[in-house]
Amino acid sequence: MRKTILDCLCILLGSLIFSIGINYFTIPNLLSEGGIIGLTVIVHYLFHLSPGMVNFVLNTALVLVGLKFLEKRAIIYTLFSILSCSVFLYVTEDMGKRLTEDTLLAAIFAGLLVGSGLGIIFRAGGTSGGTTILARMANQFLGWSMGKSILVIDIIVVTGSTFIIGLGKAMYTLIAIYLGAKAIDFIVEGLDEKVAVLIISNSSDLVLDAIANKMSRGITVELFAM
């Protein structure tokens, strides 16, 4: 129960950071995003509808269509993520100010904030909603990997947004998406890159002592009979 509460709090925090990135940097500077949030932003530009409302409708519809692609726990966390993101998008919508007129700076902060928010959500067990489900469907029916599926979806959305925001803004959007992906990786995976080294030696005791005492590294020993 304690873990569930902590996960929910993290999802709420991630949703708030995500929404600030969208409403303070993406939309005021006429940038876009990949995936379903990108569609949400495009619909907002075209019809001036609330991003929170559009995000909720699009993602909920996709969750209902793709229920069989998610486990029960994932469905609950996904719905909670969608609801929290949509609520925070709605709450911060009118608060959104154009904090900078520098489009590059806006793209950088949009990418870092959106990516950090999503990273926290992913770390807590939530998902981005519709994009994940579309990726799972492409994985099952087309045989694409999840990474390839998400990349293709993002490319389609950004390409479509070019007709709305222009080529220049779309290029800045790609910068935001790239930085967002890096932020997600940093939060979900961290900097703990593990490297395994295979050492074959007749002086195993000396090697073990050097690694354990001088380098403070973990050791796995395998003995082979000759």
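Backbone N, Cα and C atoms are what each Cβ position is placed from, and that goes for glycine too.
Residues 31, 33, 37, 41, 51, 77, 80-81, 84-85, 87-89, 91-93, 95-97, 99-100, 106-107, 109-114, 116-121, 123-126 of the same chain sit 6 or more residues outside the transmembrane segment (5-25) yet have a Cβ under 8 Å from a Cβ within it. Per TrEMBL, transmembrane segment is recorded for 5-25 (among others).
The transmembrane segment annotation in TrEMBL covers 45-67 (among others).
Per TrEMBL, the feature transmembrane segment maps to 74-92 (among others). Note on the transmembrane segment (74-92): residues 7-8, 11-12, 15-16, 18-20, 22-24, 50-53, 55-56, 59-60, 63, 67, 121, 124-129, 132 of its chain, located 6 or more positions outside it, place their CB under 8 angstroms from a CB of the stretch.
The transmembrane segment annotation in TrEMBL covers 104-125 (among others).
Residues annotated as transmembrane segment in TrEMBL: 146-165 (among others). Residues 30-35, 38-39, 41-42, 45-46, 131-132, 134-136, 138-139, 173-174, 177 of the same chain, all 6+ positions outside the transmembrane segment (146-165), place their C-beta atoms under 8 angstroms from a C-beta of that stretch.
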